[in-house]
Structures are given as structure tokens and as C-alpha cells.
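Report on the following structure.
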Amino acid sequence: MSLKAITRITVFKAIVEFKSNYKDKSIESSSREKKNEFKSSYKDKGIESSCRDNEFKINYKENRIQSCCTGNEFKSKYKDNGIESSSRDNEFKSNYKDKGIESRSRDNEFKSNYKDKGIESSSRGNEFQSNYKDNRIQSCCTDNEFKSKYKDKGIESSSRDKEFKSNYKDNRIQSCCTDNEFKSNSKDKGIESSSRDNEFKSNYKDKGIESRSRDKGFKTNYKDKSIESSRREK
């Protein structure tokens, strides 16, 4: 065999071996391909992700349940508060109603008392009128008794008028006397007051003279003492 032929065979074998190695490496590469590894990792991550999703869903569900419970608890409390509020309203209404009844009772009691007082007042009024009537009857009886002293009503009437005029005249005389007595007393008091004023003025005048005399005496004494003092100083 020539050297060229050997070289070609060697090169061919090397190429075949290289291709074979390449093919094996490709197969190996394919079997361990990152894609498959990625898919596996992806699948794992998918499982993990799915778990997380499920966990999230569970948590969400639990949160929803919890939220629902809280909501129900709130609704329950709201309902309780509503019932309590309603109870308070009813209690208020009841109290208001009771107070209304009490107020009406008081009004009725007041009206009753007012009515009773009205009846009592009316009774008193009737009693007064009755007494007045009795007094009038009594007065009338007295008058009739007085009238019975006179046979003639005209004479009686005239006598009554004269008696009235006489009484009126007597009252006027008495009143006039009283007025004159008052005037006299007033006049007397005026004279007495005037006398007192004059006495006061006289006393004031006398005291003024006395005061002036004392002042002159004081001044004279002062002057004399000044002269005496002046002489002593000299």
C-alpha cells in the first residue's frame, strides 16, 4: 500500500471516529439536554408552583372562610346591636309612652282638681249667693218690719227719704266738723311749727350774738396776749 492510501485511510478513520464521537456526544447531549433538564426543572417548579398555588388557594380559601366567619361575626354583632338598639328604642318608646300616660294622668288629675275647684268655687259662689239672698230676705224682713210701722207707703217713703237726707245732712255736718277740726289742728300745728321756727331763729340769732361776743373776747384776749407776749420778748 502506498503512503497516500494509508494516509487517506487514517484520515477517513479519524473522520469516522470523530463523527462517531460527535454522534455519541450529540446523543449524550440530547439525552442530557438542558431542555430536558429544564423541562424536568420546569416540571419540578411546576409542581412547586402548583403546590404554592394550592397553598395560596388553601390560604385564600381559609382567608375567605375566616373573612366569612368575621363577616358573619360582624353580621351577628350588627344583628345583636340592631336588636339591642331596637330594644333601646322600644324601651325609650315604652318610657315615652309611660311618660305620656303619666303626663296625661297628671293633666287629667289637674283637670279633675280644676273641675273640683270649679265645683267648690261654684259651691262657694252659690253659698255666697244663698247667704246674700238670705241677707236680702233678712234685710227685706227688717225693712218690712220697719215699714210695718207706717201704714202709708208714701209717708213711709217720704220718711225714708227724709231720714236719708237727715242722715246725709248729719254726715255732712259731721264731715264738715271733722274737716274743720282737721283744719284747726293743721292751723294749730302751723302756728306751733311757726313758733318753733321763730324760737329756733331767735336762739340761732342769740347764739350768733353770743358767738360773736366770744369771738371778740377771744380776739381781744389774743390781742392783749400778743401785746403782752411782744413786751416780754422785748
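Each position is counted from 1, following the chain as shown.
Cβ from N, Cα, C; glycine included.
No curator has checked TrEMBL annotations; they are predicted automatically.
Summarising the annotation, TrEMBL assigns compositional bias 'Basic and acidic residues' to 75-119, 180-234. The feature compositional bias 'Polar residues' is assigned by TrEMBL to 120-131. Annotation source TrEMBL lists region 'Disordered' at 24-48, 75-131, 178-234.
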Three-state composition of the region 'Disordered' (75-131), taking helix and strand from DSSP: 57 helix, 0 strand, 0 coil
DSSP helix/strand/coil residue counts for the compositional bias 'Basic and acidic residues' (180-234): 54 helix, 0 strand, 1 coil
